[in-house]
Amino acid sequence: MTATKLHKKVILVGDGAVGSSYAFALVNQGIAQELGIIEIPQLFEKAVGDALDLSHALPFTSPKKIYAAKYEDCADADLVVITAGAPQKPGETRLDLVGKNLAINKSIVTQVVESGFNGIFLVAANPVDVLTYSTWKFSGFPKERVIGSGTSLDSARFRQALAEKLNVDARSVHAYIMGEHGDSEFAVWSHANIAGVNLEEFLKDEENVQEAELVELFEGVRDAAYTIINKKGATYYGIAVALARITKAILDDENAVLPLSVFQEGQYGVNNIFIGQPAIVGAHGIVRPVNIPLNDAEQQKMKASADELQAIIDEAWKNPEFQEASKN
């Protein structure tokens with residue numbers, strides 16, 4: 001995709017709670033000129049209904065072609081967004097979903113590639129770091145053109161939690177969650193800042209904020225998905241808007257720095273997996289990772305998170321079906 005392209009096309013694979021919320025976010029924000037929605041055959045009519053429903057919002061936003069799509073419609077798409085997968089149930093971790101969702105991912109990616117698609121993959125199905133890796137393996141695409149939503153939502157949750165604790169606008173909070181999008185993620189406290197002021201320095205004027213409260217704050221961020229799932233069954237609004245933000249950065253060639261699931265080539269001593277860290281993203285995918293200098297404790301947490309993901313991938317790739325389908 002070139003930065004000057006006027007007609008930008010997105011194909012969404014998966015019209016569940018996350019997918020339909022993402023489609024609504026795209027319409028609301030006027031992102032892309034064409035949106036196709038792919039669903040499994042037995043849910044095709046739902047995609048037709050959602051496309052029709054969304055089209056009725058267009059007079060309030062901006063023109064867009066919206067329709068229930070088939071895999072052949074991916075051929076000239078700029079971006080394919082994968083939200084399809086088995087949902088995370090109460091009591092399940094994201095990593096519990098590996099077996100079910102790898103098989104689904106393989107089927108999706110194979111059909112997208114067979115269409116002649118030559119754009120960028122954006123993966124949001126969980127466990128997202130593992131499924132971003134499998135999308136790369138099954139597609140044979142360059143690593144720069146396979147992106148996972150990574151810790152984009154986690155970092156937003158972190159910023160919002162800090163903003164509420166410190167009574168400032170979340171847009172003035174600059175802080176990242178890195179590592180797995182899941183239980184082994186960690187907060188990069190050493191580089192958190194409020195409008196350029198290091199968090200530790202900022203807290204000197206916040207006498208009522210104790211260190212124990214910050215530990216509790218991070219735990220709330222890390223466990224937010226479980227809290228929401230237990231209360232309403234699924235998380236979808238936050239991740240939908242995160243995906244819309246990533247989509248805009250790609251389609252508008254923003255070269256924005258966002259926390260994404262990015263291929264590792266030695267940064268932080270990690271290799272050959274996708275894991276959450278900030279990266280510059282634009283029209284051609286990942287421009288380059290942004291390697292925040294971690295302190296020793298954070299570095300250890302990054303390595304531990306990567307080791308956990310690597311163990312899951314190694315176990316999954318013992319399956320001959322996945323080995324045979326791998327192109328990278």
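Going from the start of the chain as shown, residues are counted 1 onward.
Backbone N, Cα and C define each Cβ position, glycine as well.
Taken from Swiss-Prot, the feature active site, proton acceptor covers His181, and the record attributes it to sequence analysis. What Swiss-Prot records for Val18, Glu39, Lys46, Tyr71, Gly85, Ala86, Ser107, Ala124, Ala125, Asn126, Ser149 is NAD(+) binding site. Feature annotation from Swiss-Prot assigns substrate binding site to Gln88, Arg94, Asn126, Pro127, Val128, Asp129, Asp154, Ser155, Ala156, Arg157, Thr235. The feature beta-D-fructose 1,6-bisphosphate binding site is assigned by Swiss-Prot to Arg159, His174, with sequence analysis given as support. Annotation source Swiss-Prot lists phosphotyrosine at Tyr226.
A map of Swiss-Prot features onto the structure.
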residue : record                                        : CB count, 10 Å
Val18   : NAD(+) binding site                           : 27
Gln88   : substrate binding site                        : 20
Ser107  : NAD(+) binding site                           : 14
Asn126  : substrate binding site                        : 29
Val128  : substrate binding site                        : 29
Asp154  : substrate binding site                        : 28
His174  : beta-D-fructose 1,6-bisphosphate binding site : 16
His181  : active site, proton acceptor                  : 31
Tyr226  : phosphotyrosine                               : 16
Thr235  : substrate binding site                        : 21
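It is Lys46, among the binding-site residues Lys46, Ala125, Ala156, Arg159, whose Cβ has the fewest other Cβ atoms within 10 Å in the structure shown. Restricting the recorded positions Ser149, Arg159, His174, His181, Tyr226 to those with a CA within 10 Å of the CA of Val128 (substrate binding site) leaves Ser149, His181, listed by sequence position. Mapped onto three states, the DSSP output places His174 (beta-D-fructose 1,6-bisphosphate binding site) in strand. Ranking the binding-site residues Gly85, Ser149 by other CB atoms within 10 A of the CB puts Gly85 at the bottom. Nearest by CA distance to Lys46 (NAD(+) binding site), out of the binding-site residues Gln88, Ala156, Arg159, is Gln88. In this structure the C-alpha atoms belonging to the residue listed as 'phosphotyrosine' and Thr235 (substrate binding site) are separated by 9 Å. Inclusion criterion for the recorded positions Arg159, His174, His181, Thr235: a C-alpha placed within 10 angstroms of the C-alpha of Ser149 (NAD(+) binding site); this criterion is met by His181. Cα distances from Gln88 (substrate binding site) to the binding-site residues Ser107, Ala125, Arg159, His174 are smallest for Ala125.
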